[in-house]
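Below is one structure, written out as structure tokens; the observations come after it.
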Amino acid sequence: MADSGDKDVSKSVRFDKESIESKKRSSVDDSASSYSSSSSGQDRSEGKRNNVKFSTEDSDDEDGNLFSRMIKNLKSNGGAGLAPGLSKANSNQEKTDLEDNDNVVTGHSDDIPMEDFTSEAQNILQGHSNLTPAQIEALNGQGLSDIETTASSTDLNFLAPAIDHFDDFDGDGEEENDGFVDTHGYVAPPTQVRGGVLGSLLKLYQEQDNATIETSSMYSQSSYGESTANLMSIDSGETEVPSEHKPKDHKNVFMRSGGKVAGLAMNAPGQIYGHGSKAAGHIYGHGRKGAGHIYNQGKKGAGHIYSQKNKLSSADLSTEGLKKSGHKAKKVAGKMPKLRKRMLAEAKITVHIAELLQRQRFILRMCKALMLYGAPTHRLEEYMIMTSRVLEIDGQYLYLPGCMIVSFGDATTRTSEVQLVRCTQGLNLWKLHQVHGVYKKVIHDQMGADEGNIEIDRILREKNLYPPWVCVFLYGFCSAMVTPYAFGGHWINLAITFFMGSCVGMMQFILSEKSLMYSNVFEITASIVVSFCGRAFGSIPNSNICFGAITQGSLALILPGYIILCGSLELQSRSLVAGSVRMFYAIIYSLFLGFGITLGAALFGWMYKGATNEISCGYPISPWFRFLFVPAFTIGISLINQANWTQLPAMVFISCTGYVVTYWSGKHFQNSTEFTAALASFVIGILGNLYSRIWQGLAVSAMLPAIFVQVPSGIASQNSLLSGLQSANQIVGRNGTNAVQTVDLSNSMSFGITMIEVSIGISVGLFASTLCVYPFGKKKTGLFSL
């Protein structure tokens, strides 16, 4: 009988173990499948709960396709002129762009406030942890206050092998010789990357499941031992059981009769109703042969489990209570190490998730800042890859004009989280210099990701150095300075150009900020007004006012030189999508300007029959005075693009050197715009790279004003901006209809073709200069160069 009972108990224990194992496997499989299937959506929801989200501009859902959205995005960027940083980057209607300023690139209402990601990560874990608040408080009382210091986020359990896409930029090809400025900019791919949030949560579930299995097996073994001991005591026929061996649960006492359960305790302790012919009627009594009824009035003491002589005194009861409470305390103390271990594991995962969110946030914020402040677009992806390598983040990046698609991978779960960083691209030389400083400190491990986030947010919140009304007058000043050296204007033309340039600046910085509808037609209206007024001033008799000089000088700062330069650099860097879209938009932009000039000149010619037709100036200024206007224009264009006064000396020196090369090479190579621009940009690139290597400056900010000096000079050498004047004269002529048909169609495209020639020459010269400074610079990659 006893042997059969033991077999039954062992079978039940094995059944309990098997059921626990099956439940464990099913719960783990269900949790893994549910998390892997909804990883991207859950990650985005977690990101929203942690305020890890990034402002985007209004989606162009009404546009028909991706290509049209790219064109419209470029149109709204306003980065086509020589002052792309303030074209329309500070528009008040674009409130979703990290900008909330008085025409300043600063942080905005949707900006992400700095928060303690440790608490946010703890909130994530609390939604998935199975610890009760009482257990957490008990563990905190046992000395878990040092969790933050003992938990290490560098545990290898949180690292995963790096996947293959990190090697995309290490192939043996032409990019190996693409050496650049910074001697420490290159970062080797990490051997291990940090796991994602989803992988950390799944690891938390695995720890909890293991703890559940261990606890269940421990409880099953203890219950098996207790039940066996009780049954053996019954078989031995003991009449009295000490208080410490009494069953704890009086409502679940098994009685065996022929190996089967014969009775169940239903009432208070001390009374048992049993059935059976040979039931052991007295478990704690004196009668050993009680037949049938436990309560038998005819036999003394047969109905009482505890007789009078076995009754416990009050002292015995108090002693028994103390023993029970002590036993419970020992049991809780035995569980403490396991719970403490689980809490430490959760603390490590919390710290890991917090640091992971901080690093991902830094990558996205730095990407936003680089796009806002004019980092070289053809190397944006490389900046982000180098940063993610240093931070041990598994990231992939795809750049489109005005948009960066970021994918954070989790190698442990084979899932990824996609973020879209979209903003208006501009140019801010001083803030770009500051962002570059933060970037250098982070990749050289001189600054953590959390400190980098604070610095980036501070830079985004800062106002521009110069307000819009100052930029309006600087616009007129730059227009006046560019007229003599680039377009051959006389002294009297400076005042007219200053007035007209200020009008263009007011249209750009004031009117475009007030109306979104007007900002879409700013270029056309500005060219119409400038052409109309320029021909009107040039038609004044004996005034020596040159129509061509004042018109081209007033429009010099909205020429699409910068955007064509970025497009040509992207195409040369094999960024086909971004380069093609940007180049095509620049051609259309040039046609807009040409159409506006033609229309404005035709309108005035229709109103006044004696309108001037002169394109070139008959009284040019002395060539030696031109060298005085180049540094003045450089200072003006640098201040418009928010350069600090400490950056001006290097900018002026490089710009003047480049113009000297342009001037003297133009004397020897007639009608060769692209070759002249290539020589000048080659010298500019060498000086900028040397400045960055020797004085540890930022090459791109030092070279951009010098590049802006080259664009008007190249345009003026062909007079292509006024190619529409012939069409305007023929439109208002008597035989206008027939004359227009004989006009060569190449005249309308000559301005765009000239711009492309100049930009191609500049891009070739810049790439050649980097090869000259860093002939073997694969692992000395300075990224912030043109």
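Cβ atoms are placed via backbone N, Cα and C, with glycine included.
Look at Swiss-Prot and you will find 1-28 tagged as compositional bias 'Basic and acidic residues'. As annotated by Swiss-Prot, region 'Disordered' applies to 1-65, 77-103. Feature annotation from Swiss-Prot assigns compositional bias 'Low complexity' to 29-42. The transmembrane segment annotation in Swiss-Prot covers 469-489, 491-511, 521-541, 545-565, 584-604, 620-640, 645-665, 675-695, 697-717, 751-771 and is backed by sequence analysis.
Contact between the transmembrane segment (751-771) and the transmembrane segment (491-511) does not hold: fewer than three of their C-beta pairs are under 8 Å, each pair 6 or more apart in sequence. Per-stretch counts of Cβ pairs under 8 Å to the transmembrane segment (545-565) identify 469-489 as the leading one among 469-489, 584-604, 620-640, 645-665.
Residues 429-430, 433, 485, 623, 626-627, 630-631, 634-635, 638, 675-677, 679-681, 683-684, 687-688, 691, 695, 697, 701-703, 705-706, 709-710, 713 of the same chain sit 6 or more residues outside the transmembrane segment (645-665) yet have a Cβ under 8 Å from a Cβ within it. When Cβ distances are compared across the two stretches, the transmembrane segment (620-640) makes no contact with the transmembrane segment (521-541), since fewer than 3 pairs at least 6 residues apart fall below 8 angstroms. Among residues of the same chain six or more beyond the transmembrane segment (469-489), those with a C-beta under 8 A of the stretch's C-beta atoms are 83, 86, 103, 495, 497-502, 504-506, 508-510, 546, 548-550, 552-554, 556-557, 616-617, 620-621, 625-627, 629-630, 632-633, 636-637, 639-640, 659, 712-713, 715-716.
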